[in-house]
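Pulled from TrEMBL, these are the features on record:
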- 9-101: domain 'HIG1' (DOMAIN)
- 37-54: transmembrane segment (TRANSMEM)
- 75-92: transmembrane segment (TRANSMEM)
Amino acid sequence: MDNPKSDLGIHPTVKMSAVEYDEHESKFMRKAKENPFVPAGMAGCVAIVAYGLFKLKSRGNTKMSVHLIHMRVGAQGFIVGAMTIGVLYSMYQDYVVKPMAEQKALKSK
């Protein structure tokens with residue numbers, strides 16, 4: 001019990017086996033299929049930050065703090081937009097597509 005992480009079953013020198021890696025990878029893929037806009041939001045955030053860092057050299061006489069704030073607001077805006085679209089898509093699936101499929105199933109009986 002010298003290492004506090006050992007209580008959690010995590011040991012810093014233990015490597016993940018191929019089976020455990022596959023389980024985590026499949027969990028990520030499953031979550032990405034359930035919520036496809038989360039990986040899209042993450043990718044957009046990374047792209048905006050990369051673009052902002054690329055443009056850092058040519059920011060002109062804009063202060064560094066202002067440039068970083070603009071970059072942060074752009075990245076957060078992209079993520080909020082992706083989450084909003086994801087919620088709207090989920091609501092559409094739950095309240096429009098699903099009831100229509102249930103009605104068709106009832107009519108076909």
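Any Cβ shown, glycine's included, is placed from N, Cα and C.
Computed from a predicted structure; not experimentally measured.
The average pLDDT computed over the domain 'HIG1' (9-101) stands at 83.
Residue counts for the domain 'HIG1' (9-101) under DSSP, helix first, then strand, then coil, are 73 helix, 0 strand, 20 coil.
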